[in-house]
Each structure stands twice: as structure tokens, then as C-alpha cells.
Amino acid sequence: MEAENQMQVDLGHLLAFDPYHHFPSPPKSREELVTQCLSEGTKLVQAVVDGLFNLTSTEALEGPLVKLPKPTTRLPREKHLPRPKPPTKWELFAKSKGIQKRKKNKVLWDEQTDSWKRSYGYDRVNDDADVPIIEAKMTDEPGGDPFAKRKEEKKKRVEKTEKNRLQNLKQAAKIGALPSHVQLAATALPITGTQAPPKKITKDELGSVAGLAATATASGGKFDKKVAGEKPVKHQGKHRKFLPAAEGSGMGNREKEQTDKVLNKLMAKNSHEILNVGKAVSMYNVKKQRDGRNQKGRSSFDSSSKLKPNGKPMKGDKKSPYQKSRKGGSHGGGSKKGKAE
Amino acid sequence: MMKINTPKKKRVLRELEKRAPKLVETGKKTLILQGLKTSNVLNSVLKEIYHLKRDSSVRYTRKNDNIRPFESGGETSLEFFSQKTDCSIFVYGNTSKKRPDNIVIGRTYDHQIYDLVEVGVENFKPMESFKYDKKLAPMVGSKPFITFAGEGFESIDELKHLKEVLLDLFRGEVVESLSLVGLDRVYVVTAVSSDRVFLTHCAVRLKKSGSVVPRIELVEVGPSMDLVVRRHRLPNESLRKEAMRISTDGLKKKIKNVVGDSIQGKIGKIYMPDQKIGEMALPNKAKGVKRERREAKLKHSEHAAKKRKEDGAD
């Protein structure tokens, strides 16, 4: 009799299970089924609530808080158990030698500045790079830079730690215990023999591959069957632009411009002058004019310009050794900034 | 050549830590998605399940052509979605002539399919069709009671499996302590016949009774449906064993302020609060403060005053 009334209650999941329930007679209508199920459900929930309210409760803001016991029904996990990290190379070494970990202070007293400074990081005590004077030892060769040497040594040390860290992570990845925030990515494929590493193909190059392959056919890919979604070839046809055979002379003469450009480039390349003579001369002239004007304005009333009836300066006044050279003249006048192309 | 990639942003780091495998797991996320053809009933079923499990589920609304959970090749999409959304239970709905209003509830272990149960939905009543006092409506995310009734759950394999899967689907977060005020919903599952199960969602009313324990009243609130078990696939033994493993490392509590070994024995440190000795009252009163002394002094001084007066008068 008692066994029939047993209900399995799992407080950890708030679960109640009655394995002995059955319908004495099949319910005639839907409503009856529903009411019967609800009544059964009420009994079961009452059983759980009985158990719950009899647990020791503590007072919280909203009401009583109970500590739920561990659930009795076992459910499968969703992910594997976290695997323990394998010991790193240093940890193995320390264990074999019996080296204990020592607690280090985060701040240390700095004698030079009389303050507490970090032991690592920005503005740290005993920074290797902050030493102002390094005395030369007998073993040092003359002409060597000790500061650069220190920098190089530090770089080497950092590289070594990075390499060791990578090795430790690779070991962990082998047994599947890589930390969740770390990912190991392959940077380049291994180079076999004398083969160079394959070049990364750009999106544009990939797009034009079909067009490139089409040029192998006799008709230049005009009658090739296109796949759905294939875009037509860009820059079809000729790739070289030729100038018209006959054209007038003057400013718009394209062939002249072409040859002038080539000539200028050659001259600029082969001229060893650093000075841009044209620009220097014009700057000199401007300065002289400015100075002359200031002087004249202060000393005498009759400036050369005011004597004239129009008030304009004389036409031939400006003494300029600089003659307006044609484009493409000598002295590297073609390139304005004097840069060798 | 390998490169170490760590996230540059703290937000990404936090997300990765949330998805890392933990010693003690706290609740599975559910993925709800559909196949090529869905009926009205199926749409509302999936919608209601999503609403019941609002905070811990992800709903995909697009049709997915290539998902066939029971076929060997048709699981790859599901596994990919499980990896992408970090969901380990999925509810996949699809309708066909052979299987109308079909739902496949499946679980994953390490983002690989663990087990599947296929049920058909009949006599579905949505949440809107139930009339009840709005004050009783259960809150989103509250931990529900789950009740199973019926001998079928013990004797029939499929129903046993369905019971386990429904428990996993409907239990909320795994918590250590629970507030008794927040108990407001229950899922009532009854085995009606050897392959049919009646599932309904009710609100719980705690009424005053004579003792500490309140009296329970159920009010039907949420969706109610009949589930007809069609197919199911149990996990293979090795996978099941691995998934059910419990680790004992996490159960050991750290004891603070106790050190010791076999030679010295156990040594503990006790931290005392500041005793504020200066502000304490002394147990023995100082000699000068005692009442007899005080009175004697007074008398003496009076005596002395009188004497002086007499002398002075004379």
C-alpha cells in the first residue's frame, strides 16, 4: 500500500514524478482529461512544496531564501569537463630542481627618486633602458654602442620568451587543453625546397582569372560559354593607347608632350644639381624688390614709380638674369621641385 | 609557423570565457529553428516555446533546407548552428505529409549530436486562448516546477527518454539557492497512453494554509498540447558515459587560514577584530572613585570647613 503512494521528488530540479499513476478508466472527454491531469499535477507540486518549505530558509529582501539540495536525477553535460593544463617547461624544470615560487612585491622603493615605483611596466624601478651613463669595460671594443647593444639583448630575450610561450601553448593544444581565449593560427604554409611561399591572390586578380584564361583561345574568349553569374571581362581589347598619326603643333600637341616628358625625366635623373636655379633666382628677385620698396618708401618721397605720370614702375626696371626658359630647357627646369625622378 | 591570437577587446574575451567548458554547468541554451515547410500550428508552437524560455533561447526564423536530424549527413548544419550560438538543445520543427506537425528535440554534447526525440504535436492550445487573472501570469525566467505522472514513464523506453529530454528543456538555470517568493509556474506532463503525452503549462498559486507550507492551486495559463512520440535515437554508450561524468575536483572547498603538514600538524590563523581597550570600562573601580571614599572626603572637607569657621570666629 505504501509503495503505491510513493512519489519521487527531486528538490534540486523542483521535479516530482509519480510512477504509479494510471487512469482507472480512459477519460471520456478532453475536459475530463485536463481536469484529471491538473489534479494529479496539483498533488505532485504539493509534494515538492512540502519538501521545499521544510528546508532551512534565510531571510532575503523579497522573502525567504532556501538553499536547494543537489539534484538526484543526472543529466548529461553540454560540454566536456575542462582539461587540466599541462605543466610548462619552466614548471617541469622548477619541480625537478625543487625551486619554490616566491611572492614578489608589486611596488618597490626607488632610491633615486625617493618614491614607490612599480616593479614592472611603465615607469618601473631599475629600468634597463633608463640608465644615462654606461661605463666602458676593458673588454668592450671601441666604437661599439652599448645602448644599442642593450636594446638588442632585450629584443633577443623577448623573442626567446615568445618562442617558449608558443611551444607551451602548442603542447597544451596537443592534448586539447588550450585556454579558451587563445587561438593558434598558421601564418604561412611551410616552404618545401626552393619553392617560394605562394603569393596571396587579390580579389581583383581572382575576378580576372576567367578573362585571362579566355585569351588562350583563338577567338579571345568571345564564344566561350559563360557560367551563371560570371561578369563580363573588364578592359576588353587593346590595352595600349596610341596617339593619332597626324596632329597639329602647338600647346596641345600630345606627341610633343610625350617626348618632352621623357626628356625631362632623363635630364632630371642625370643632373647632379641640388639647386633649382629657376626658383632660387625668382626668390632672390622678389626679396630684392621688397627690400628696395621698403627702403625707398622710408628715405625719399620720390620713388621711381611716383615720378612717372601713370605711377607705374618702368617696364625695363626689373633686372632679371633669369630668362623665361621654355619648358624642357636645361638646368633641370622641367621638374619644379628639383626632385630627381 | 604559428601565431598566437588573443582577443584585443575585453568584450570578446568575456564572451569566449562564457562559452568555455565549465566545471559546474549552469543551464543550457536552446535553439529553435524550422525546416522547409511549417504549418500554422507549428509556427505558434515554436513561438510559444521561445517565449517560455525567453532569456535562454535563440530563435531562427528562416527556412533551412538541409537539416535532416535522423539522417547521417543532415546533422552538419545543426552542429554548426550549435557551435555558432553556443546552444546545446535544439527544437527543430517541420511539416510533411508523412509526419504532420513534427518537432525534433535534440541535445548536443561538445556541439556534436547526442540524442534526438521526434514528437508530433496535436490538440495545441496557444497561450492566448486561456482566460485567467492577469496577476497570476508567471514571470519570464522563473524556475519552474516539473511534474511527471504515469507508469509509462517508467516502463516504456521512448517515454523515459522523452521525460529526460523534457526535463532538460524546461528546467531553468541551475541555482544553488532559490527565493520562495518566485515560484510561479509548473509544467504538468502526463502519460496518457503508451505513446501519447499531455503537456501543459500552469501558474501556481500559493494559498494560506494552517502551517508553514502553503496550499497549492494550479491555474492553466500557457500552451497545452499532446505530444505523440514518433522516433527517437539514444546516445551511444561511450558518449553517454563521457557526458555523464562528474568531476570531484570542483567539489573541494578551499579552506582559508589553515596551513599545515604532517610534521607540524595543522596550524590555523585567527584574525581578531580591534578590541578598543582604551574605551573599555575597568572592572575594578579606581580607589578614588569608590563611594565610601567620596563620602569620607566630603565629610572631611565639611569638618575642616566648620573647624576653620570656629577658629576664625574665635
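Even glycines carry a Cβ here, placed using N, Cα and C.
According to TrEMBL, the region 'Disordered' annotation covers A:68-89 (among others).
Sequence annotations record features per position, and here TrEMBL assigns region 'Disordered' to A:139-162 (among others).
Positions annotated as compositional bias 'Basic and acidic residues' by TrEMBL: A:147-162 (among others). Non-local neighbours of the compositional bias 'Basic and acidic residues' (A:147-162) in the same chain are 128-129, 134; each lies 6+ residues outside the stretch with a CB under 8 Å from one of its CB atoms.
Residues or ranges marked as region 'Disordered' by TrEMBL: A:218-263 (among others).
Sequence-remote contacts of a segment are chain residues at least 6 beyond its ends whose Cβ falls under 8 Å from one of its Cβ atoms, and for the compositional bias 'Basic and acidic residues' (A:222-233) they are 207-208, 210-211, 214. The compositional bias 'Basic and acidic residues' annotation in TrEMBL covers A:222-233 (among others).
Taken from TrEMBL, the feature compositional bias 'Basic and acidic residues' covers A:253-263 (among others).
Look at TrEMBL and you will find A:277-341 (among others) tagged as region 'Disordered'.
Per TrEMBL, compositional bias 'Polar residues' is recorded for A:297-307.
For A:324-341, the entry in TrEMBL reads compositional bias 'Basic residues'.
For the region 'Disordered' (A:68-89), same-chain residues at least 6 beyond its ends with a Cβ under 8 Å from one of its own Cβ atoms are 10-13, 15, 55, 95, 164, 167-168, 171-172, 175-177, 179. Counted with DSSP, the compositional bias 'Basic and acidic residues' (A:222-233) comes out as 0 helix, 0 strand, 12 coil.
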